[in-house]
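S.K.: What Swiss-Prot records for this protein is below:
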type: BINDING; residues: G69, N216, R427; note: substrate binding site
type: MOD_RES; residues: K278; note: N6-(pyridoxal phosphate)lysine
Amino acid sequence: MHPIHLLRIVSSVRRLLQTNRCRSFSSCQHNMASIKHKNARRIEGLDKNVWVAFTSVAADPSIVNLGQGYPDIPPPSYVKEGLAQAAMVDRLNQYTRGFGHPTLVKALSKVYGKVYDRQLDPFKEILVTVGGYGSLFSTMQALVEEGDEVIIIEPFFDCYVPMVKMAGAKPVLIPLRLKSTATTGISSADWVLDQEELASKFNSKTKAIIVNTPNNPIGKIFSRSELQAIADLCIKHDTLCFSDEVYEWLIYKGHEHVKIATLPGMWDRTITVGSAGKTFSVTGWKLGWSIGPEHLIRHLQTVMQNSLYTCPTPLQEAVGRGLLRDFELMGQPDCYFSALALELEGKRDRMAAMLAQTGMTPVVPEGGYFMIVDVTALNQDLTHMGDDEPYDYKFVKWMIKEKKLAAIPVTAFVGEDSVKQFEKYIRLCFIKQESTLDAAEAILKNWNKG
C-alpha cells in the first residue's frame, strides 16, 4: 500500500477513536450530572401536593371554589388600616428583630397571657414565623430527628407527614373513627380516638404527638377529657406535644376550646401554633407564631435565625396593633376573636342545610371553617374514570368539571391504610361571602337536573 494511503487510514482511525472517547466522556459527564442533580433523600416522594393539583383545576372563574381554605370576606378594616399606617413609617420598612417584632410579641404575650392565665415572656417564650407552616417546620427541624417517631391523628393537615419525614423521623398514624351510626345529624364530636389504640402508638421512640384542635378538615374540638388522655400518655412516655391551634377563635356555641398546654404537666412539653391569617382573615400575610417554654422555643429560634431570619416588619406591626385592639375588647361583642365565629356559625348552618337537601350527609363542625360531607348517598358512578385514584379524588374532579363546584378530597389528609374509611368524604370551606354561598346553593339545588 502506498505510504500516503496508509497515513490517511491511520489518521482516520485516530479521529474515530478520539470521537468515541469524547462521546464516552460526554456520556459519563451526563451520568455524573444526573446523579448530582437528583433530589435529596429527605424530600423523596414528597413532591405530590393536593393544593398544587386542585388549585390549578379550580382556577377557572366560572367555578365556585369552596376548596381552598381562604376567606373571600374582607378582613377587619382596622387591621388593613394598621398596615397602611405602618408602611408610612420609614423604620417599619426595614428589618426588625428576627424572632418577632417587639410590638407583635408583646401583644401576643398580653393576649395569650390572659388565655393561658400565666405570664408569658414575649422574647423568650414566643417565636414569630412565616405562617403556621413556618411554626410547624421550625418545630420539626428543631426538636425531631432521625430515628424518632411522631404520632399524627388522621385526618391531618397535609403538611404534617412531609415535615416529619424531612426531619428524618417516622410518622405514626392513628385515625379518628366515627362512633355514631346515625345517617343524619352527625357532628364532628362523633369522631373519636380509640384510647387503647392511641396508647399502643406510644413507645420509647415516640418524640411527639401532633394535636390539631379545632381539627382541619373535620372541625372536631378535642374535649378536655380527650386532651387529658393525650396529656397522660405524653407525661407517662416523656413525649412532646405539638398543638396546632390556628382555628382557636372559631369555636361555635356550646363548645369550649381547651389548650392542652394549660393541663397539669403539659406547659413544659408543648409547642402551640397560632396564625394571624386565621385570626384576622388575612391568610396572604403569612404570619404565625409558636408559644412554649423557653427551653424549647430557643431551639426553634435557632432554626429561624439560620433559615428565614425574620418576617415582614409592617405586617407584624399591623397584626400587633390589631391584637392589642381586640385584647381590650375580649369578652365583648365587638371583639373580632368572637365576632367572626358568630358570623361563620350562620354560614356553617346554611351550608349544612343545603348539602343535606342534595342528599349528602354533612358532618357539622364544632369549630374552624371547614365541613366534610359524605357523598355516599349520591351513588355517583365514576367507574369510567378508572381505578388509579381514591373515589373522593375522582368525585371532586368530576364535580369541578360537571357541576362547576370545587372541593378538596379528604383522603389527601390521611395515610394509605385509612383511604377506604375516608374516600367517600370531601371537604368544603364556608368562610365565604353570601354571594359565593348563593352560587354554591344554586348548583346544589340543580344537582339532579343535568
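The backbone N, Cα and C atoms fix where each Cβ goes, and this holds for glycine too.
Structural setting of the listed features?
M.R.: Spatially close to N216 (substrate binding site) yet at least six residues away along the chain are G69, F157, Y247, G368, F370, F413, judged by Cβ distances under 8 angstroms.
Every protein chain considered, the tally of other Cβ atoms within 10 Å of the Cβ of K278 (N6-(pyridoxal phosphate)lysine) stands at 25.
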S.K.: Once the DSSP letters are reduced so that anything not helix or strand counts as coil, what is K278 (N6-(pyridoxal phosphate)lysine)?
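M.R.: Its secondary structure by DSSP: helix.
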S.K.: Can you list, in sequence order, the residues of the same chain other than G69, N216, R427 whose CB lies within 8 Å of the CB centroid of the substrate site?
M.R.: F157, P217, G368, Y369, F370, I408, C429
S.K.: Should R427 (substrate binding site) be counted as helix, strand, or coil on the basis of DSSP?
M.R.: strand
S.K.: Largest pairwise Cα distance, Å, within the listed substrate binders G69, N216, R427?
M.R.: 10
S.K.: Cα of K278 (N6-(pyridoxal phosphate)lysine) to Cα of R427 (substrate binding site): how many Å, rounded?
M.R.: 18
S.K.: My understanding is the cutoff is Cβ-Cβ under 8 Å with a sequence separation of 6 or more in the same chain; which residues meet that for R427 (substrate binding site)?
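M.R.: Long-range Cβ contacts: G67, P217, F370, M371, I372, V373, A407, I408, P409, V410, F413.
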